[in-house]
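The structure appears below as structure tokens.
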Amino acid sequence: MINLEDYWEDETPGPDREPTNELRNEVEETITLMELLKVSELKDICRSVSFPVSGRKAVLQDLIRNFLQNALVVGKSDPYRVQAVKFLIERIRKNEPLPVYKDLWNALRKGTPLSAITVRSMEGPPTVQQQSPSVIRQSPTQRRKTSTTSSTSRAPPPTNPDASSSSSSFAVPTIHFKESPFYKIQRLIPELVMNVEVTGGRGMCSAKFKLSKADYNLLSNPNSKHRLYLFSGMINPLGSRGNEPIQFPFPNELRCNNVQIKDNIRGFKSKPGTAKPADLTPHLKPYTQQNNVELIYAFTTKEYKLFGYIVEMITPEQLLEKVLQHPKIIKQATLLYLKKTLREDEEMGLTTTSTIMSLQCPISYTRMKYPSKSINCKHLQCFDALWFLHSQLQIPTWQCPVCQIDIALENLAISEFVDDILQNCQKNVEQVELTSDGKWTAILEDDDDSDSDSNDGSRSPEKGTSVSDHHCSSSHPSEPIIINLDSDDDEPNGNNPHVTNNHDDSNRHSNDNNNNSIKNNDSHNKNNNNNNNNNNNNNDNNNSIENNDSNSNNKHDHGSRSNTPSHNHTKNLMNDNDDDDDDRLMAEITSNHLKSTNTDILTEKGSSAPSRTLDPKSYNIVASETTTPVTNRVIPEYLGNSSSYIGKQLPNILGKTPLNVTAVDNSSHLISPDVSVSSPTPRNTASNASSSALSTPPLIRMSSLDPRGSTVPDKTIRPPINSNSYTASISDSFVQPQESSVFPPREQNMDMSFPSTVNSRFNDPRLNTTRFPDSTLRGATILSNNGLDQRNNSLPTTEAITRNDVGRQNSTPVLPTLPQNVPIRTNSNKSGLPLINNENSVPNPPNTATIPLQKSRLIVNPFIPRRPYSNVLPQKRQLSNTSSTSPIMGTWKTQDYGKKYNSG
């Protein structure tokens, strides 16, 4: 702290030794004015007061501040000291020479006028008390301005806006705006000057002016670089000190000749100097007319002043040429900074051998062309000089985009090290790795992902085109389009007709969707001995097959001929040229089948065999057609008594395919002809090529296991053929013992039951005496084809089984055949009631004997242990009387038992 008593002793007391409030306020005001002075101006005051001039700005300010505050000391209050310092500050602002402080203080204490003191001090000879001339030494700028000033009168205010007007009072001078490298101020328009006053509401200021002919021609020339700009600055009550930023009152609305100016004249908030002047050039009128400029503002708290100047524009490209002429940042300086940075990392415990530098401009995010930065920047990253200049033309922040320090155009330089890297690396390089010795390595982007994406994109159209071409070549305009979806997994099995496509569930579903329509033109009765082989071969071949009628006349060659479709299928898979011929054959078969569905073929009256027909209403179900209930289906209402049904079953709530059979071959499941079974997936209509249309004998199907725990699996049993009755063979499917499996009895409950109104007759002594000694069938359904044919006329007809149900052959597994020596449990109830109710049945076929059957106890679920009741079901398992849906498809009302067992 500098002791003022060492430099100044005030022994002469003032007129008033007690400080007043006015004196305190005057001291504070003088200190505020002093803090706005520059360092050179502070030194001038220190010279006048005989204070040392060495030190920083803060030291000089503290010295003068303490000198003023000592004037308020009790007993030593000095109002003349404050007036003297204030007079010196006023002389500095007027760029006038300063007198010696002691002379000034004595004149103030004696009451000498200030003008006389100034003249005497400036003209009088040096005195003994003065250690320096009366005119304090000034800076070169002040001496240059002072030399033009008269000693007897003040200089008139210049026309140049850079000059300041001088007066004895605190007059507001003209504003000297901060210079911009993008334009040079040429001339002021005297009439285009407006003042913005402080207002609490809406205010408006306007100016009217005319341009001279020379000025108008200069501004209206399209190739001219001159513009008419409107500047605005805030008035400082302490006076303008130069380099004032451009600031417009906000909010505002600027209009020139009733056209609103939409230039960005606001800039960034809380960042003075980022606003641009308003360009009035495009809206000027000819020199013979008067121009009107209006500024509407509101709620201004400070005064503003607006000036119109004619300026000369400088483009960023012209500034870039100047930057390129500046000295470059040499490579050695960059390498030194790089080594220093890596060394600092090592001192901090970080082992850094290299660093990565981006070659992209942080302003445009494009590859740099003119890598530059300020000479004061302490970083390695550069930016593009041209992009930087264009960005400053829009919003003049003049800050480094990397480190945010202020940048002057004179300090902008090109980096020689980065420019050398840009010249020697490829254009697609965005980053380089730098080492401490200055070596760099280009970092290339990994283009494998983009290449793979482009390759996939190029392959996809080709693949789609090939599929489209194949589709067009294999289709005909007059024939239906059939798409073959056989996968490659079917090819190995196509070579062997005895191997079924039973690999996995996906293959099984694929076979379900690839079944095609089959036209049956032969009789199955004449080829009974070879049914198994024929059916097995037909299952392996999922394409369209047309069996010739000669197949029925040659019993011994039937098996060999049935192998032909399987071999043809193998050839189709191996030879792509045969696909078109097969598709045409399939289309012709389908077309012929559609034409023949509504025609009935009558046989001769003297023939003992029934007539052939392709009418689906005649319910020509062959043994190979299999129906598996998958989901709950909507079926017509059945009016029969539900208590007379055999093999009552729970509904398939989960909608899954039952697992009680295997997909080895085509085991039969008979359903009622009045039930319309819909498949969950679309399938092509088909029928077995080796089975008869109307001569199928009645079938016996074990629908469930014995409730007492018998493990006899469900199997469709066909009695031997008799010439005088309608009989059926044991099974039309070829069963392989190693592929047969016995599933848990839970899934066997998913089989379908059939109405008891269907009348069945048997005339086989082996069936009545040996296989079924007690003439009682537990869980069996006996159907006759004749009865099925007549029921189509008595019940609402819906197609019994769609022809595409043959596609379920591969998805429905088959249990092994029923042993012939297994005894059938008889009903303990000797009421003599038949197993099947025949009250509403159709007339029986002639020459047939009815098997006396007793009414069986109702089987609800084979997994529930037997109850002591015999005729009444538990309430939880009682049938719904209000259900309008037939129980054939398993739509029983289930509660706890159904949920428990079906969930397994």
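Yeah, the Cβs are placed from backbone N, Cα and C, and that goes for glycine too.
Feature annotation from Swiss-Prot assigns region 'Disordered' to 1-21 (among others).
The domain 'SAP' annotation in Swiss-Prot covers 34-68, and the record cites sequence analysis as its basis.
Residues or ranges marked as region 'Disordered' by Swiss-Prot: 122-170 (among others).
For 127-136 (among others), the entry in Swiss-Prot reads compositional bias 'Polar residues'.
The phosphoserine annotation in Swiss-Prot covers S132 (among others).
Summarising the annotation, Swiss-Prot assigns compositional bias 'Low complexity' to 137-154 (among others).
Annotated domain 'PINIT' per Swiss-Prot: 162-314, in sequence order, evidence recorded as sequence analysis.
Positions annotated as zinc finger by Swiss-Prot: 344-431. DSSP labels the residues of the zinc finger (344-431) in these numbers: 26 helix, 20 strand, 42 coil.
Summarising the annotation, Swiss-Prot assigns Zn(2+) binding site to C377, H379, C400, C403. In sequence order, C400, V402, C403, I405 are the residues of the chain that are 6 or more apart from C377 (Zn(2+) binding site) and have a CB within less than 8 Å of its CB.
Among the features that Swiss-Prot reports, region 'Disordered' is placed at 443-584 (among others).
The compositional bias 'Basic and acidic residues' annotation in Swiss-Prot covers 501-511.
The compositional bias 'Low complexity' annotation in Swiss-Prot covers 512-553 (among others).
Positions annotated as compositional bias 'Polar residues' by Swiss-Prot: 561-574 (among others).
If you look up Swiss-Prot, you'll see 596-616 (among others) marked as region 'Disordered'.
Annotation source Swiss-Prot lists compositional bias 'Polar residues' at 596-611 (among others).
Summarising the annotation, Swiss-Prot assigns region 'Disordered' to 672-733 (among others).
Excluding C377, H379, C400, C403 themselves, the residues of that chain whose CB lies within 8 A of the CB mean position for the Zn(2+) site are, in sequence, K373, S374, N376, K378, Q381, V402, Q404, I405. It is C400 that, of the binding-site residues C400, C403, has its Cβ surrounded by the most other Cβ atoms within 10 Å. Within the domain 'SAP' (34-68), the DSSP-based counts of helix, strand and coil residues read 25 helix, 0 strand, 10 coil. Within the model, the domain 'SAP' (34-68) shows a mean pLDDT value of 87, rounded to a whole number.
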